[in-house]
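Below: the structure, in structure tokens.
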Amino acid sequence: MLLQSWMEGRVETPVRGLRLHDLGLDQAYLNVTNLLDREAFLYSVKDACYKCPYSFMSALPAGDSKIFKVNSAYSIRPRIYGDYLGEYVSTSNHSSLECNVDSAWHFGEFGIYDLLVQPGGKCTTSTYYEPVNIYRSAVSVTVIVLFLLCLGQFIKGVAKSWGKQEQVFIDNNNQNDSKGKIEEILRTKKPRLRALDAFRGLIVIPLIFYTHQGGGYQVLEHASWEGLPIADWPFPWFIWIMGVCMPMGINSNLERQLSRRTILFHVAKRSVLLFALGISTNCINYGLAYETFRFFNALQRFGIMCLINASLCAILWPRDISKIKGRFADLQIMWSQWAIHIVLHVISICLVFFLPVPGCPTGYLGPGGLSEDRKYENCTGGTFGYVNKLLMNEANMEQNPTAKAVYEVNAFDPEGYFSNLPSLLTVILGIQAGAILVIYNESRERISRWTVWGVGCILLALILELTGAIPINKQLWSTSFALITAGFAFLFLAAFYLLIDVKKCWNGFPFVEPGVNCLFIYIGSKLTNHLWPFHWRIGPMDTHFILLADTIWACWLWLLIAKWLFKRNIIITV
């Protein structure tokens, strides 16, 4: 029984006549008993739904009970009315109100709950059968993984000790020859900044994790609208670090005396390839039918950002940076790029706040749908949604955006046309970090500048968020979202660089190996998401434990592939 509780197990025998195995992932039973002498009507609203109306759930016969399967991922507020008031009822509507559960009621997975509707306007809530603890599954899988890692390290240590004993018998001349060959390889091998690879690895591992369902935990999902959960960090960081690499590659090509036309050709080719790969991976989830195909996604965003930012960098980056010196040499080199990007970002902000959107308030940044009593039901994202609808059919947008689970919105594409404009800010901040890396050779100069930029971006983002001027929102790639994610990227890169490349007190494990081939690993994980051996099924797969085990398995396989490629010095790039 103890093992079952740690693995999210359920009893086979019915509880109060209810089979727990009939419940799916994040589901519970709610038994509503109406003790009134007349029919009543059950309404509810998700606690996470901002300014949303109550939604009709069911009629409740007088003196009878009714069983519901409810979603345990979201807390709700039930309300009982004496009359049917339509599909939706405003929170301010108290006409014929029988009783109300004021505080948010959180259900646990596989639990059984009671709601008793009593005369005198009283609603009583209770738990009949305790739910499972879904986070014990995460602890269980973590313990198993740590045990296997320790076992692997032990076996590796034993193998190394045997290897050392055998090396005693190797001829000294052979040792010297081998040493000379290794030194020759190290001299000819192109130096890499391990901190950069480690940061890429830190980004790509969560991307694999989320591609393979992430254990089905709602807390690990993207924000339904505003906010900044863990799932919203990897994408902007990936784009930011792509920006970091741009000045490094372009400066190297200019030093090799490549013409700007040749560099621009390579930029265009890479951008087209990234966009094409994005289109191909979209076929997995959205099919091939042109009428309903989704044209935009993460890889397409990479391609567009690469085309715009890398082209500007290739055109405006000086051929000989050695002539530009001083404390602000990076800004001297970057000022022209910054000027263009600031103009573009100001244009995007002006469009967001001043472009008239039919049927919606100007400057609207809300989720639409149920929000604000459905007054702006078709206004999701304001300018973002409007521009996307002008340029493409709704059928070609994301049909199940993250806001749909809470706000019941219609089609909305967070990676659509318009959000490319504010995304440019993330990339130019990455290019700034790369410029610092190229221009300054001293570690102190690099770390201090990255830290200043990081803290500055975070403070500015917090001002925009806390004043309510521009809330943090990944769906709209708001200015505050771009700033806060880039700000922490600066700080992470500075910390990784200090620990790995300067102090050398950490070798970057386990992030360096997947980071070297991060794009290949990311694309590969998307393509193999539903293929064995990266994915498997045992039974209904309706617990977090089994889903998390499947996710960790996929991550482990891709880490093994990354290790195999790293050991053979195979680097697959686009």
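Even glycines carry a Cβ here, placed using N, Cα and C.
What TrEMBL records for this protein:
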TRANSMEM  134-155  transmembrane segment
TRANSMEM  195-213  transmembrane segment
TRANSMEM  233-250  transmembrane segment
TRANSMEM  271-289  transmembrane segment
TRANSMEM  295-317  transmembrane segment
TRANSMEM  338-357  transmembrane segment
TRANSMEM  421-440  transmembrane segment
TRANSMEM  452-470  transmembrane segment
TRANSMEM  476-499  transmembrane segment
TRANSMEM  506-525  transmembrane segment
TRANSMEM  545-566  transmembrane segment
Contacting positions for the transmembrane segment (506-525) when only residues 6+ beyond its ends and CB under 8 Å are counted: 192, 194-205, 207-208, 211-212, 238, 277, 281, 299, 496, 499-500, 534, 554, 558-559, 561-563, 565-566, 570-574
Contact ranking winner - 134-155, 452-470, 476-499 against the transmembrane segment (421-440), Cβ under 8 Å: 476-499
Remote residues contacting the transmembrane segment (452-470) - C-beta distance under 8 A, at least 6 residues beyond either end: 349, 365, 429, 432-433, 436, 478-481, 483-484, 486-491, 494
Ranked first among 295-317, 338-357, 476-499, 545-566 for CB pairs under 8 angstroms with the transmembrane segment (134-155): 545-566
Tertiary contacts of the transmembrane segment (295-317), as residues 6+ beyond its ends and Cβ separation under 8 Å: 235, 238-239, 242-243, 246-247, 250-251, 254, 260, 263-264, 267-268, 270-279, 281-282, 333, 336-337, 340, 392, 396, 413, 415-417, 420, 423-424, 426-428, 431, 523
Same-chain residue ranges lying at least 6 outside the transmembrane segment (545-566) that approach it to Cβ under 8 Å: 7-8, 25, 137-138, 140-141, 145, 201, 205, 208-209, 211-217, 510, 512-514, 516-517, 520-521, 524-525, 528-529, 533-536, 538-539, 572
